[in-house]
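Reviewing the structure listed below.
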Amino acid sequence: MPHAALSSLVLLSLATAIVADCPSSTWVQFQGSCYAFLQVTINVENIEDVRKQCTDHGADMVSIHNEEENAFILDTLQKRWKGPDDLLLGMFYDTDDATFKWYDHSNMTFDKWADQDGEDLVDTCGFLYTKTGEWRKGDCEISSVEGTLCKAAIPYDKKYLSDNHILISTLVIASTVTLAVLGAIIWFLYRRNARSGFTSFSPAPLSPYSDGCALVVAEEDEYAVQLD
């Protein structure tokens, strides 16, 4: 494959990765999702008020699907976000089939309940205890929350991206295409010049002042002197 074409593929891959990233440095990427902790204490009447903090940004309350994700959230809450001791998870108790479900409609494939005992009711919520990483059951009827953890899948919905982010992504793609075209042109010119460098050999034209011509002129001059 020509070097220009290979370079173009690499640049296009980089551009795609940039566009697919989380919308800003506020968000943290892990396992194909973007996470943001909104450090705002809000008064709530029900859990939907908390969800709205996330849905307004094209995300939903956090769901957790494996031990690695749980550990990542715990570590980031402790070191970067400085979250509360008890973080409200994006789940609800469905009395129809007596199971917990995630608000983002993903499957409940993992749990880390510290205690499975107790009766689960319609107003039972799940909390992540950030000291240990275990989950606890609690009452959804809370008056306030100290921060909300939101999660969005990648690619992030572009309608929630800022105008500056869209502009930067567009410029990156345009620059990539331009570089790819220039690379192809340079490669084409290089190949054409390389082929035209092998020209056939042709003898140099005989100069009127070569040795043979000089000898003829000298003989003519000598003959003219004899006639005189």
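Glycine is no exception: its Cβ is also placed from the backbone N, Cα and C atoms.
Per Swiss-Prot, the features are as follows:
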{"type": "TOPO_DOM", "residues": "21-165", "note": "topological domain 'Extracellular'"}
{"type": "DOMAIN", "residues": "30-149", "note": "domain 'C-type lectin'"}
{"type": "DISULFID", "residues": "Cys125-Cys140", "note": "disulfide bond"}
{"type": "TRANSMEM", "residues": "166-186", "note": "transmembrane segment"}
Compile a sequence-ordered list of residues in the same chain as Cys140 (disulfide bond), six or more apart from it, whose Cβ lies below 8 A from its Cβ; state 'none' when nothing qualifies. Asn46, Ile47, Phe92, Asp123, Thr124, Cys125
Along the domain 'C-type lectin' (30-149), what average pLDDT does this model show? 91
Go ahead and report the DSSP secondary structure tallies for the domain 'C-type lectin' (30-149): helix first, then strand, then coil. 24 helix, 43 strand, 53 coil
Near Cys125 (disulfide bond), how many other Cβ atoms are within 10 Å of its Cβ? 20
